[in-house]
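This report concerns only the one structure given below.
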Amino acid sequence: MLRVGLTGGIGAGKSEVSRLLVEHGAVLIDADRIAREVVAPGTPGLAAVVAAFGEDVLAEDGSLDRPKLGSIVFADPEKLAVLNGIVHPLVRERSTALEEAAAEDAVVVHDVPLLTENGLAPLYDLVVVVDAAPATQLDRLMRLRGMTEQDARARMAAQATREQRREIADVVVDNDVPLEELRRRVEEVWDELVRGAHTE
């Protein structure tokens, strides 16, 4: 088994790269998706978030109001640390269970947005960083996710710098390119990962 850490700044196009890797046969463990699951209505995770931040972070249907919580934590590093302290241990536990269920020769790709920030690179056999220019990230966040420029810049500023991410990368996937070019690059990376999985 080859354990791959996949990361990249918000709006860099990490989801597209992970989707292409899954098409090739990777087992994907998506930390963002798991992070949503562990704070779904009725979970201990959501109860802990409400205990820390108050009932104002709940939507009318009892689910987590993500934009509301985001506006609180992304403007305050201490509050962000509190949220991460609740969610990250739950995500780790679920990720471990999914990895243990994968085949011995699998390429297991952990899609981890805050891999750099949390110093998680040593946990993986290989780190793949999806990279895009800050202007590209900003454009995608405003155009595709409907964020205001201020919100988008705050999210970007709360993450590691482009240089910090590239520093921990074993492989960099440049995503300032057209989709076809990205596909070709991901195919090259996949071939490298498969070779790695069979020599582990």
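Cβ from N, Cα, C; glycine included.
As written in Swiss-Prot, here are the features:
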type	residues	note
DOMAIN	3-200	domain 'DPCK'
BINDING	Gly11, Ala12, Gly13, Lys14, Ser15, Glu16	ATP binding site
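Counting only residues at least six positions away in the same chain, the Cβ atoms of Ala132, Thr136, Gln137, Leu138, Asp139, Arg140, Leu141, Leu144, Arg145, Ala152, Met156 sit under 8 Å from the Cβ of Gly11 (ATP binding site).
Its Cβ taken as reference, Glu16 (ATP binding site) is surrounded by 16 other Cβ atoms within 10 Å in the chains shown. Ranked by Cβ neighbours within 10 A across all protein chains shown, the binding-site residues Ala12, Gly13, Lys14, Ser15 are led by Ala12. Cβ atoms within 8 Å of the centroid of the Cβ atoms of Gly11, Ala12, Gly13, Lys14, Ser15, Glu16 (the ATP site) belong to the same-chain residues Gly8, Val17, Val130, Ala132, Arg140, Asn175, site residues excluded. Confidence in the domain 'DPCK' (3-200), given as mean pLDDT, stands at 94.
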